[in-house]
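Report on the structure given below.
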């Protein structure tokens, strides 16, 4: 059941998305009414959190069962003795699933209010406490220790430091203020800690702030699927072309048993620092992270190698992951996106530049996995159709495990090709109300099925490079 409004988009963006989801191929297959219903359902799902919190176990340092036992004790404390099941995913053995309780509709709203930014609000819906930088407004009488109702300013209209706000706001639950209003807005920009500790969130999810940090990595289910689809093997040389913050990079290294070489690139220094921190925290030594623009990662001068640093010689890698920069419209929860149509459509050319570099860096027989966390046809199926035409050396491959649905009609791909793609579309199941009583009665198989379906919007394509591009160039 929907308790939040559907994700608010600029009209031009919503129309653009609707055009993609009601394209000629889709309408011919399902009818316009069904295509439009499915699109509206998707917009409603995007404003709500997924039904499960997903964490990946760092199997390099500990067994899944050991970490599961530790996590069970931790959640028992967090939920004040409430017992919530922790499920091991049958197809992703290093993934644990924790059901999200909610929406809880009987929470009494308080007179004392705090308004948080949209990004902070999204994090709260997935189990986070409210940190001071995320607080935009607080009631003038708010003191430390007060019970406070927390609201999300989903349209970004509230002025920093306001004492009240009557604009569009969405109730997220209640918490206890760690600071007074004055303590929050006293002009100290370096103040960072928890401002409000959530005690009655609308959606009850575990907090993973400093919880088993060397053993667990908080990661959306499809993001964990990607690395299993890549299927890295010990001893291989693997490139993660757009790697920050390092979730998939560290997953690659763990699946390789930390044997081989994982090169991680990102062009922002602070993001590269985060990759290195995560690798260190998880005890992984096969990762080398570089601050480098992935579009320039191909070494054009064949005279001299750069001793393992970017740029790289052609056909240097056994497998490449291109988790491409994208419009991110599959992320949940997301109650509002202020992006213009120009911004949403700006990613396709960049993705193609990165893809071209990836193909040239991949050795013959090597595997390239392309993924995004968005829902647009242009960044997903259209990119696959373009790649198969632009690079005859590539063949689309079946994926294992195949947990998502098939690709979407509209890019001219064949039915067989669409079956080889994975599109995670949360609109395929109704929005769920989950409480403790329903969890006690639920079958494990049904919960796993729901976790697979009701996750973020995501896309995965897997290719193999059948022959060298160099041979083709030489023949010309």
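Indices start at 1 and increase along the chain as displayed.
Placement of Cβ uses the backbone N, Cα and C atoms for every residue, glycine included.
Per TrEMBL, active site, nucleophile is recorded for 373. Under the heading S-adenosyl-L-methionine binding site, TrEMBL lists 242, 243, 244, 245, 246, 247, 248, 266, 293, 323. Annotation comment: TrEMBL describes 141-466 as domain 'SAM-dependent MTase RsmB/NOP-type'.
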How many other Cβ atoms are found within 10 Å of the Cβ atom of residue 373 (active site, nucleophile), counting all protein chains shown? 23
Among the S-adenosyl-L-methionine-binding set 242, 243, 244, 245, 246, 247, 248, 266, 293, 323, as the record gives it, the longest Cα-Cα distance in Å: 19
Work out how many Å separate residue 248 (S-adenosyl-L-methionine binding site) and residue 373 (active site, nucleophile) at their Cα atoms, rounded off. 13
Can you give me the Cα-Cα distance between residue 244 (S-adenosyl-L-methionine binding site) and the residue listed as 'active site, nucleophile' in Å, rounded to a whole number? 14
Excluding near sequence neighbours, so keeping only residues 6 or more apart in the same chain, what lies with its CB under 8 A of residue 293 (S-adenosyl-L-methionine binding site)? 265, 267
Across all chains shown, how many C-beta atoms besides its own are within 10 angstroms of the C-beta of residue 244 (S-adenosyl-L-methionine binding site)? 22
Integer Cα-Cα distance in angstrom, the residue listed as 'active site, nucleophile' to residue 242 (S-adenosyl-L-methionine binding site): 13
Inside 10 Å of the Cβ of residue 246 (S-adenosyl-L-methionine binding site), count up the other Cβ atoms and send me the figure. 28
CB neighbours within 10 A of residue 248 (S-adenosyl-L-methionine binding site), counting all protein chains shown, number 26
Neighbourhood of residue 242 (S-adenosyl-L-methionine binding site), C-beta criterion under 8 angstroms, separation at least six: 265, 266, 294, 322, 323, 324, 325, 354
